[in-house]
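To keep things clear, I will list the structure first and then write my remarks on it.
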Amino acid sequence: MPIAFGKILLVHLSILTGLCCCFRTNVNPEEDPNIPAIAKYFTTKGRYEEVNPYLIEDILAVNRSILQPPSAQCRQIHLTAIIRHGTRYPTSKNVKKMQKLYELVKNIAPGKESWLREIQTQWTMWYTEDMDGRLVQKGVNDHRHLAVRLSKLFPSLISEEKLRGGFIKFITSSKHRCVNSTLSFKAGLTELWAITDMEFDHAVNDALMRFFDQCTRFVQEVDKNPSALSEVDKFRQGPEMRRVTEKIADRLKVPYSDITDDMAEAAFYLCAYEFAIKTVNSPWCRLFDEVDAQVMEYANDLKQFWKRAYGYDINSKSSCILFHDAFSRLNKAASEIKAGQQVTEAVTVQVGHAETLLPLLTLLGFFKDSDALTSTNYATQAQRSFRTSHMLPYAANLLLVLYDCGEGDLRLQPLLNEKPVTFPGLTSQSASVPLYQDVKDHYRELLQGCDFETECQLFKSPA
């Protein structure tokens, strides 16, 4: 059920009284004692503010200079925004792991450190299994604030007129955290313009936003195949992870055999969730130093690599349906402009999961390193581009902005988490905002193929 927004959605005074549009860069999270020193390694459990630190000082700040079309006559005509849900509670599976760790620390660990005593005497296990990934208040705010920032970045597209006129479409996964994130995004806009006389619908479409559940080949060959994540299992049993669990045992003063890799993961998640949900530098964070956090980050990146990204071809091909959907919307807007017509869908807001975004980013070729992530090359992957801490925080978003620069000159700018990125393989001087035709030429094979039904068949027909 959607969250009761009448109780939890408060109109921010800053939204109603003229928003500050300044962009500050003088924030150093590493100097803030309220921010865990290891926060930048929290992978998919990280705050959006760690990816864009200027938001710590002003959550509604935007940097308009990131939008740099080739000429002043270029105008924005369409925006497709594919967005991960906001901050959530842990899943029931992770809560069980946390509970097991908490009981051990509370009842067995004999250490005398103040942070350990704080866990044992002051901290209570407040996570419950029925929370199971539901959106938290911070997650509500994630999308409300994102909606306001995007309205400032794209004022001609995300406007009161466009919203009232039905030119902004909303699509969501059926999962409660996505539905409630969508409601929060809409609330951010209606609060901004004090709209109280209209409601705006959203469509639930799991074929688009949870395609991974409906791709039979992915489900059978990867998702439910125990051997598909053998590299992850090897790393979790390897020397780097073993050293982390031994250091945790030393800090707790318990036998090494009492700390498993699952417990190390649970402790890392406790630190991450406490910070993401409550903005608290939890005593659980003291179980890790930076070296430990880097190992934990790699373990999660390895899992995402093999289960959702470049590890197997079907991981990215499962997103063919979302890929074609995005380009069909761009093509429709382009066709309407060329025909001298008004663009009928100025903005599409699509809310899904990390598992929605990562396969699509992979299909597009983003963050592909020269070497695959494996259980044995941790030491050489320190500078890897495949870092989910940077790519997929809560409320992560891929924006595709289509520009009309006149005389048939259409351009497409991609942004990830409100920062410009370049389509891999498009390295010309104008690669930051390439010709839309060049983008389509670059992805021609995918546009002409990449059929979801064909790719997802468990047994493909012979060529």
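Including glycine, each Cβ sits where the backbone N, Cα and C put it.
Note: TrEMBL links Cys271 through a disulfide bond to Cys285 (candidates: Cys285, Cys320). Among Cys74, Cys178, Cys215, the one TrEMBL lists as the disulfide partner of Cys405 is Cys74. Counting only same-chain residues at least 6 apart in sequence, those with a Cβ under 8 Å from the Cβ of Cys271 (disulfide bond) are Pro36, Ile38, Phe42, Ser282, Trp284, Cys285, Leu287, Phe288. Around Cys405 (disulfide bond), the C-beta neighbours below 8 angstroms that are at least 6 residues distant in the chain are Pro69, Pro70, Ser71, Gln73, Cys74, Arg75, Arg411. Least packed by the Cβ count within 10 Å, out of the disulfide-bonded residues Cys74, Cys285, is Cys74.
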